[in-house]
Amino acid sequence: MIIQDVELVKVARTPGDYPPPLKGEVAFVGRSNVGKSSLLNALFNKKIAFVSKTPGKTRSINFYLVNSKYYFVDLPGYGYAKVSKKERMLWKRLVEDYFKNRWSLQMVFLLVDGRIPPQDSDFMMIEWMKSLNIPFTIVLTKMDKVKMSERAKKLEEHQKEFSRYGEYTIIPTSSVTGEGISELLDLISTLLKEN
């Protein structure tokens, strides 16, 4: 997929804020500070998604219109302890409504920090998506920060951890070096063309 144009068209804080569904869309979810915005900017080859060093900055569902026909959707991060319980529940309801009611959703990309073992919150997200029959692909982020001598071991550890849920594609990426970006775009292109 070649991304020719991208525009942030909607910042949704309630389900009523969602734009009408298009032919297809993909969503990106992960723990706070996993690198969602940086990965989106790498996919877009443009700095459009706000990047912050402070966890929990994405507090809405952000819809990016790509090539005037598809949505790339940035979901709020999970697992950030300093956010109030009330706000976490609001995010959970917002994301749950999105998962249940967006018929145009083709795939969720679950972003996991490749430097560390998957966290309990990552497993909870997988179980939640599986319970809702949401298709997903696992994307390891920040792989540029993993020493070359440790990469094979880290990938193997992640594959072993996630294998309890079945066989899933795992794509190692880096928004800094561009690793995995074209592979991810190719997968997205295939998904959106099929539907």
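Start at 1 and count along the chain as shown; that gives each residue its number.
The backbone N, Cα and C atoms fix where each Cβ goes, glycine too.
These features come from Swiss-Prot:
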- 30-37, 56-60, 74-77, 141-144, 173-175: GTP binding site (BINDING)
- Ser37, Thr58: Mg(2+) binding site (BINDING)
- 22-194: domain 'EngB-type G' (DOMAIN)
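Taking a C-beta cut-off of under 8 Å and a sequence gap of six or more, Thr173 (GTP binding site) has these contacts in its own chain: Leu39, Ala42, Gly114, Val139, Leu140, Thr141, Met143, Glu179, Gly180, Ile181, Leu184. Less than 8 angstroms from the CB of Lys142 (GTP binding site) sit Val34, Gly35, Asp113, Gly114, Arg115, Ser174, each of them six or more residues away in the same chain. A 10 Å cutoff on Cβ-Cβ distances gives Asn33 (GTP binding site) a total of 20 other Cβ atoms nearby, all chains included. Here Ser60 (GTP binding site) is positioned 13 angstrom away from Ser37 (Mg(2+) binding site), judged by their C-alpha atoms. Within the model, the domain 'EngB-type G' (22-194) carries an average pLDDT of 88.
Comparing the binding-site residues Gly30, Ser37, Ser60 by how many other C-beta atoms lie within 10 angstroms of each C-beta, the top residue is Gly30.
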